[in-house]
């Protein structure tokens with residue numbers, strides 16, 4: 001008989017007081033200890049264990065949204081089965097219903113990785129060991145890769161269980177072979193495998209049934225919650241699925257294009273550019289203050305640039321502000337001679353009030369001045 005090798009028994013670390021005391025953050029090697037607890041709980045199985053026992057087992061070690069995946073290869077090709085939290089209890093129960101009396105997992109050189117909210121355990125040399133008592137005492141060793149994801153909290157429950165089976169072996173004690181060495185029929189029966197790829201017919205049939213049961217979990221849950229008929233549950237689920245399919249995908253928020261500020265030409269600059277010729281032609285008739293009127297109509301002030309890190313576009317340009325002087329307009333009162341002459345500051349005898357003599361009067365005065373000479 002082969003010796004059973006379950007590996008070294010995990011020791012309680014100093015920080016662990018006793019089972020049942022909650023802790024907010026798990027200690028080191030907590031994943032190994034959870035596998036040890038799972039094996040210990042499976043060893044407590046008896047034939048009297050009912051559905052409530054298996055549901056309590058699953059609640060203790062699996063999350064509410066846990067997914068269990070089994071992959072293996074049969075004669076007709078590779079198989080992959082994925083079941084949810086509701087069907088996980090029946091999966092472990094089917095192993096014992098298939099004739100197994102004991103179940104445990106042996107992990108060699110597992111690799112533990114910490115992530116944001118979960119801890120992953122990857123073991124490339126995992127062995128699932130089951131012992132069968134019928135029709136003959138047989139130990140089945142299923143070798144494969146086991147990948148687990150534990151939630152990083154005080155409960156450390158499994159969220160993802162993925163077991164990829166590579167090969168299996170069925171071991172029989174030598175004593176049994178010696179007892180039936182003279183019986184050819186018994187030796188022929190002992191030479192046949194009792195499992196397929198390490199799984200019993202009960203487990204394989206249940207996994208095939210899960211292909212139908214897993215999609216129906218939504219219907220069953222809706223039936224229990226709303227007490228609808230199966231036909232109404234199916235119509236509601238199909239309608240919601242159709243809505244999810246035809247609903248347009250949410251467009252990502254588009255960033256508004258940056259609008260560049262257009263610099264508008266001010267009235268003073270327009271006058272200075274468009275009326276430049278007029279200013280040159282009438283420079284003899286107007287006072288020099290008229291040029292000051294064009295340049296002092298408005299004041300262009302350049303603001304400070306924004307700080308580093310601002311958005312490109314509006315904010316990174318210098319802000320140009322137009323300040324209008326409404327109290328003083330140099331153009332008023334320069335070209336209008338009537339308003340200038342009617343000023344109250346000018347008296348009746350003011351020299352500024354006298355008009356220059358006309359050309360005819362100057363001609364009439366010239367002959368008299370020559371005659372007097």
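In case you wondered, yes, glycine gets a Cβ from its N, Cα and C as well.
Note that the structure is predicted; figures quoted are calculated from it, not measured.
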The annotated region 'Disordered' range in Swiss-Prot, which must be one of 198-247, 248-297:
248-297
What range among 149-193, 329-373 does Swiss-Prot describe as region 'Disordered'?
329-373
Looking only at the domain 'LIM interaction domain (LID)' (298-337), what is the mean pLDDT?
57
